[in-house]
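A.B. asks: TrEMBL feature annotations, pasted as is:
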TRANSMEM  B:12-37  transmembrane segment
TRANSMEM  B:68-94  transmembrane segment
DOMAIN    B:69-280  domain 'ABC transmembrane type-1'
TRANSMEM  B:106-123  transmembrane segment
TRANSMEM  B:155-179  transmembrane segment
TRANSMEM  B:200-227  transmembrane segment
TRANSMEM  B:247-280  transmembrane segment
Amino acid sequence: MARNVSTQRKLVTTAIAWTIGILIFFPILWTFLTSFKTEAQAIASPPAFLFFDWTTENYFEVQSRSDYFKHFMNSVVVSFGSTLLGLLIAIPSAWAMAFAPTKRTKDVLMWMLSTKMMPPVGVLVPMYLIFRNTGLLDTRSGLVMVLTLINLPIIIWMLYTYFKEIPGEILEAARMDGASLAKEIIYVLTPMAIPGIASTLLLNIILAWNEAFWTLNLSAAKAAPLTAFIASYSSPEGLFYAKLSAASTMAIAPILILGWFSQKQLVRGLTFGAVK
Amino acid sequence: MATLHTRSAARLMIAPSVLLLLAWMIVPLALTIYFSLLRYNLLMPGMEEFAGLTNYTYFLTDPAFFQAVFNTLAIVLGVLFITVVGGIGLALLLDQPMFGQGIVRILVIAPFLIMPTVAALVWKNMFMNPVNGLFAWLAKLVGLQPFDFLANAPLFSIILIVAWQWLPFATLILLTALQSLDEEQKEAAQMDGAGAWSRFIYLVLPHLSRAITVVILIQTIFLLSVFAEILVTTNGGPGTQSTNLTFLVYAQALLQFDVGGASAGGIIAVILANIVAFFLMRMIGKTLEA
């Protein structure tokens, strides 16, 4: 028996759900709209919702005033760099733990997860001093290193849960057919592992792009990614809502789109495979 | 022989991650402990000396410390309450048949993808600002005095902002769990005459318990260390009204350059986080084993 739902009830649910959905999304929508206003319109009362003179001036202003593109590239380099480096280190480990598990594999995994429970302030002081003394402060490579380390447990866990799902029988079948280890890896395992690796990549780029403890504390004018760049708008210097909105829109748009495409993987990755 | 081979190969493949994480766990933490026993200020280089537990007694007798512990817990519990209750409600709603479900889902998860500094600044300026914010305009519209959120209720405002960011996470996970609930079970309960409320209490809620536990565990890890939202909105103030432990240690280290004091604070934060983690892991262990 399929659930019989009256059209009327469906319409009511739709109305409620859309209202709540739009309310939750509203701050983002409002930021987007404000980015096309002039500064005067941005703080006008009553506020203009759609009927104002749309202008793209803020976007150019943000770029010319503060070299937005540089910070955007910092974000790209830091998030992609740390994710790729993390994958490079994590893939062999997750692979080994998934396909050649020992008695201790579970403990190792739990221990890795437990490193995420250490609050970052516990190591803020030494990290800051180490970075200062080695010239890593305010460099992209320094940020890449730290973000690789903090996301490594998540990357390993995600990959592990994906690799775990590749059935072992397939390997046996390939072996029976006389495939060598190299062929096994290239023709059998890799194609099955790629979707998992891709989701891990996506989620970790999102996490690294939005990371806002280490990026704020370990970077300044030169290497600041967008998280830190946007934070510089917190000191009020006259009217700046429209420019803040333009800078924000550009900072969140790429990740919003990436995230929407990877909703399913988001759940799985963020719960370390506990909820699928 | 082959297995021996595989095993050592496996060890070799795991080694880099384990060594890196081990170093990441031990080296900075050991340094923090070492610094916490020194009188060490960056403004007075070369004056470092052993100070015993002075930094700890200083920190533990500072009224700001207790305020910070309270604020930390308030943020964690406040946000957890809003997101878990709201998340269950939203998940139940989104699980109903409707038009355009996919789009509503996209709208609802969006805040989670927004970087913390953007989320906090947008709320601070465009909504909570007592002069130009939308809330002020709404208040005036219905004839009320605009309320200065961040000056008069800083902690509450921060909880609100952080809850907005994490509500999608809870919703998404609970919705995923809800969709794996057997449709036939619900129908059987309905046939047996169970009302909507008892179906929720005896069927849906137990089914969600694992997902709720996961939500609590993961959010707690992140919520104990809320930082950017405080930095760009209130800077911990007014006074220390919205300073949490993370922010207190940050201020001690990078604003007052007190390496010793900040390190002691950092160690205390680690200990507190471990206490929370211990209870959490025990609780989670029970649900996840099942």
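Backbone N, Cα and C define each Cβ position, glycine as well.
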A.B. asks: Considering pairs 6 or more residues apart, do the transmembrane segment (B:12-37) and the transmembrane segment (B:247-280) have at least three CB pairs under 8 Å?
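C.D. replies: Per Cβ check, the transmembrane segment (B:12-37) touches the transmembrane segment (B:247-280).
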A.B. asks: Quick test of the contact rule: Cβ under 8 Å, at least six residues beyond the ends. What residues does that give for the transmembrane segment (B:200-227)?
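C.D. replies: Same-chain residues near the transmembrane segment (B:200-227) but 6 or more away: 72, 75-76, 79-80, 83-84, 87-88, 92, 158, 162, 166, 169-170, 173-174, 176-178, 181, 185-186, 189, 194, 244-247, 250, 272-273, 276-277, 280-281, 283-284, 287-288, 290.
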A.B. asks: Should anything in the same chain at least six residues away from the transmembrane segment (B:155-179) have a Cβ under 8 Å from its Cβ atoms, list it; otherwise answer none.
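C.D. replies: For the transmembrane segment (B:155-179), the sequence-distant neighbours (Cβ-Cβ under 8 Å, at least 6 residues beyond its ends) are 71, 74-75, 78-79, 82-84, 86-88, 90-92, 94-95, 105, 108-112, 114, 116, 119-120, 123-124, 128, 149, 204, 207-208, 210-212, 214-215, 218-219, 222-223, 226, 229-230, 233-234, 241-242.
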